[in-house]
Amino acid sequence: MNVGGLLASVGVNSVVCLGVFSLYSVLRKQPHFVTVYFGHKLARAKSKRHDPFWLARLVPSASWVVKAWGTTDDELYIAGGVDAVVFLRAVVFSIKLFTVTSVICLVFVLPLNYFGNEREHKEISEELLTVFTIGNVERGSEWLGLHCFVLHIITICACFFLYSEFKYIMKMRLNHINSPLYNPSQFTVVVRAIPWIDQESYSDTLSRFFTDFYSTSYLSHQMVYEKSAIQKLMSDAERMYKILRNIHMERRYVKRLLRCGFCGGSNNASQDMKELSDESRSITKEETFLDDSDECGAALVFFRTRYAALVASEALQTQNPMAWVTDAAPEPRDMFWANLCVSYQSLWIRKIIVVVASIFFVTFFLVPVVFTQSLVHLDKLTRLLPFLEKVVRRVVLEQLVTGYLPSVILTLFLYMVPPVMYVFSTLEGVISRSERKRSACIKVVYFVIWNVFFANILTEAAIAHYQISILKLGDYKNIPALLAKAVPSTATFFMTYCLTSGWASLACELIQVVPLLTNLVSRYILKNSSDASTPAPFSFPYHTEVPRVLLFGLLGITCSTLAPLILPFVLVYFVLAYLVYRNQIMNVYVMQYDSGGQYWPIVHNTAIFSLVLMQVVALGVFGIKDAPGPSTFTFPLIVLTLLFNQFCRQRFLPVFFRTPAKSVIEMDRRDEQSGQMEEIHQSLLTAYSQYKSKSGRIGGKKVEMMSRSNSALDTAEKGDIFHA
């Protein structure tokens, strides 16, 4: 692809982004779309739907940009928790790194690449993008030493920024753990794989075990019940509620034309009372009350102190590691009750099935990757498929097919990845919603790194060198040389991909396409003017957005010295992401649960992998270019980067997966001295509820109806699956 094709892609995506951003600034002012762009709670508080029309609503403005820019980390923490701050700190880290990298590489490296070979240059618009890569530098050139020097500067800056961010986020996580706000999960332990004993319920077995071995610290426990039993109890309660409500409404509004001779009631009332009696008998016969047979082999155990719960969650309870398995409990809103009843002995089988299914899914996804790369190298395919020469001869069509269409097709196929990985993470049997989303995030990161980066590079190498046999192409000895040749040429595709999947995805994220269309259909087609039909606000889709941010960071770091022309597009993406995501977290998404910043290790590991990959590819390039000096200085850089990663893992990482005993002991002492411990013990007994009661009033009398406590969370989670 030449510069003209790249400029065409830049022009199309710039116009689309500018138009969508302007449209958003108008739509967010309309009263009908307040629930789309500000969430339900903010919509009820600041709705202007009854205000008269004013012209400023139709004028695009940048007020949302100013507000997003001025938002502090404390405000983000209140709105989205530690996870939201961690996500945006990853964006800030990328902005810092690519600002320094863009200045250095565009000023020094790009001119060297362009003039690195004695050749007659064409006009800029007709120049191939490969001219701006390191592949244009002559073999044995002394200027390759400058590339090695820039490589060291980028690595040093990246490690410095990573260290400072890791330290900052670790302090925030410790402050989150030491928060004076009451957190019932710190007193609670999840127990699974409770052994079954004949003529004894799970509850009795658990109570006897913890009374014997944790007699001084054990407080109480709460059994987990089968989902089917709870649903049956809910449905019976709903049936009773509807009958009583119908009786009340009919007595209140229907004229009493005919009355009973005995009690003076209407004939309909007598019929309804008979129906209620029959329904009550049917419910009694079905024995809807929960009993011991409905219990699962899992429970929540409450302890008197945080330290006792911490010790119990970390210890191996018996000699059999497959029985009496204990884990730290998630927060009440974070609990995923459906997976608690999954047999613990079957979890390893589930994980194997998920791995096999993921491999098949990755293999299936190679088809669109090969297709998109074949469009990028349309000129080379003409040697295999001569009928494509007619397309290549048309300049405009050729620029559209090679510069814009491939990245659009790949982006559309990638939209199916997060929902599939989300389902895979659910099947693994995780017990918390945040862990399920984090697990899906890790799977998507692996997927996009392989299928978007490596698969595209290998496909490009196969198309460019189709005469090489598959065995030779797959030989591990040829991997450094293969990457050194393929990465600079594939960088042209990554530039257009950054525009299409990066800039355009931020525009779609800002305008909220699916909730907006749902609102329009409900209001103007279904003629429903109330806000009750508007979907509940979603929680932030970390499993979709974190991998996207990390992928563009990988592309920018890897191609920084090889093809520095990609850096301006990556930097613009992260600046826009900084504004868009801050606006969305403050206004659109609702925090349902918080993992306490456990996404940062994913960010750190991906950044280290990107640095090492950049160095390995550069080492291969220096070897191909016959530059022994740069190769000699690059190898120690790889070792030092890995040592830095190991230091960070030892210094910071344990805090993200283990709770400091000193912190929980200090909190226990503080609560005991203030006299709040007894109150905390009382509140623990009602903190976790697999189902809760809703209050409804019938004829002035209060009637309790049970419903699942996680219905709102389930709605938000379903929205997360399809929000991608």
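Using N, Cα and C of the backbone, Cβ positions are placed for all residues, glycine too.
Feature annotations, reproduced from TrEMBL:
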DOMAIN    6-165  domain 'CSC1/OSCA1-like N-terminal transmembrane'
DOMAIN    186-339  domain 'CSC1/OSCA1-like cytosolic'
DOMAIN    350-622  domain 'CSC1/OSCA1-like 7TM region'
TRANSMEM  6-27  transmembrane segment
TRANSMEM  97-116  transmembrane segment
TRANSMEM  143-163  transmembrane segment
TRANSMEM  352-371  transmembrane segment
TRANSMEM  404-424  transmembrane segment
TRANSMEM  444-468  transmembrane segment
TRANSMEM  549-581  transmembrane segment
TRANSMEM  602-624  transmembrane segment
TRANSMEM  630-648  transmembrane segment
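Counting Cβ pairs under 8 Å to the transmembrane segment (143-163), the top-ranked stretch among 97-116, 404-424, 549-581 is 97-116.
Within the same chain, residues 10, 17, 65, 68-69, 87-88, 90-92, 94-95, 97-99, 101-102, 105-106, 109-110, 113, 129, 132-134, 147, 150-151, 154, 158, 445, 448-449, 452-453, 487-488, 491-492, 494-495, 497-499, 502-503, 506, 509-510, 602-603, 606-607, 609-611, 613-614, 617-618, 621 sit at least 6 positions outside the transmembrane segment (549-581) and bring their C-beta atoms closer than 8 Å to a C-beta of that stretch. With a cut-off of 8 Å between Cβ atoms, the residues of this chain six or more beyond the transmembrane segment (97-116) that come close are 131-134, 136-138, 141, 143, 146-147, 150, 153-154, 157-158, 161, 553, 556-557, 560-561, 563-565, 567-568, 570-571, 574. Beyond the transmembrane segment (404-424), the same-chain residues lying 6 or more positions past its ends with a Cβ under 8 Å from any Cβ of the stretch are 5, 8-9, 12, 354, 357-358, 361, 365, 368-369, 371-373, 375-376, 436-437, 440, 443-444, 447-448, 452, 493, 496-497, 499-501, 504-505, 541, 543-544, 547, 720-722, 724.
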